[in-house]
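Read the structure below first, then the notes.
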Amino acid sequence: MSATPAVIVAIDGPSGTGKSSTSKAVAARLGLSYLDTGAQYRAITWWMLNNGVDTADADAVAAAAGKPSIVSGTDPLSPAISADGADASGPIRTQEVTAAVSAVSAVPEVRERITGLQRTIAAEARGGIVVEGRDIGTTVLPDADLKVFLTASPEARAARRNGELKTADGTSVSDLAATQQALTARDRADSSRKTSPLKKADDAVEVDTTELTLEQVVECVVTLVEKAAAGKEGPAQDREKAAR
Ligand SMILES: Nc1ncnc2c1ncn2[C@@H]1O[C@H](COP(=O)(O)OP(=O)(O)OP(=O)(O)O)[C@@H](O)[C@H]1O
Ligand SMILES: Nc1ccn([C@@H]2O[C@H](COP(=O)(O)O)[C@@H](O)[C@H]2O)c(=O)n1
């Protein structure tokens with residue numbers, strides 16, 4: 001038996017709360033697969049921008065939602081994403097994609113398509129998986145073994161994001177107030193859409209990461225996963241014993 005049973009872990013939260021960093025590290029530590037669902041929404045947005053779809057026109061986005069093939073890798077040590085066979089991992093992080101993704105992800109046909117992909121990937125991850133996004137605990141995997149909702153103050157999130165954007169001499173390339181404004185605008189759009197908004201599941205454990213280092217958050221989530229795994233293992237072990 002592997003050290004960690006095949007647990008399904010859902011990690012949700014607003015932008016810049018540390019979902020990707022935490023989920024990758026937890027999955028790598030515990031030998032689980034990893035799925036970045038934001039990357040899938042970004043990849044379909046990138047494809048639409050490249051293929052002449054007006055991303056502000058919900059009908060045009062809906063009509064194109066089924067067209068591209070979106071393929072995600074699930075190795076936490078080397079996450080991969082492609083659209084129609086083209087590597088999208090770099091281009092999906094551009095400002096152009098970030099600015100358009102909330103409008104695209106609000107379209108029900110897009111959500112239906114991407115949610116289907118997510119459920120298939122989770123069902124095929126026999127060794128367990130950490131899936132991170134905005135609606136994993138509420139909609140995509142409501143029966144997950146563990147649901148975590150990460151939060152952090154807008155100031156902390158903007159400072160973290162700005163820390164990623166440095167020039168060669170180490171100075172910040174973007175203004176903190178503008179970064180914070182962009183983050184909160186995206187959260188507002190993601191929380192207010194009709195279909196599957198960003199929302200904490202009632203049974204999720206909320207972890208406020210504002211005052212925590214990434215290592216502390218990872219430690220905390222690893223402990224929660226191990227607890228959930230032990231709870232899952234208990235009845236199976238009991239059945240095994242009874243069968244002996
Ligand atoms: N607890 C923490 N303390 C300090 N920095 C952190 C912490 N957690 C994450 N970071 C840093 O904050 C930045 C954003 O983290 P990450 O990309 O994991 O957030 P996210 O929630 O996945 O964001 P998004 O939803 O926008 O993709 C990264 O540079 C990451 O290294
Ligand atoms: N489950 C999800 C995940 C993401 N989105 C949308 O994608 C955008 C980008 O997500 P990142 O995590 O890469 O920043 C996000 O702003 C949402 O619009 C989603 O709707 N559902």
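Here the Cβ of each residue, glycine as well, is placed from N, Cα and C on the backbone.
The DSSP secondary structure for Gly13 (ATP binding site) is coil. Shown in sequence order, Lys19, Arg134, Phe149, Leu150, Thr151, Leu198 are the residues of the chain, 6+ apart in sequence, with a C-beta less than 8 angstroms from the C-beta of Gly13 (ATP binding site). Positions annotated as ATP binding site by TrEMBL: Gly13, Pro14, Ser15, Gly16, Thr17, Gly18, Lys19, Ser20, Ser21.
If you look up TrEMBL, you'll see 185-203 marked as compositional bias 'Basic and acidic residues'.
TrEMBL lists 9-226 with the feature domain 'Cytidylate kinase'.
Packing against the region 'Disordered' (179-206) from elsewhere in the chain are residues 10, 12-16, 98, 101-103, 105-106, 108, 111, 115, 134-135, 137-139, 142, 146-151, 154-155, 157-158, 161-162, 224: each is 6 or more residues past its ends and has a CB under 8 Å from a CB in it. Among the features that TrEMBL reports, region 'Disordered' is placed at 179-206.
Looking only at the binding-site residues Ser15, Thr17, the densest Cβ neighbourhood within 10 Å occurs at Thr17. Taken in sequence order, the binding-site residues Gly13, Thr17, Ser21 that lie near ligand 2, meaning a CB under 6 Å from one of its atoms, form an empty set. For the domain 'Cytidylate kinase' (9-226), the model's pLDDT averages out at 95.
DSSP assigns Lys19 (ATP binding site) to a helix.
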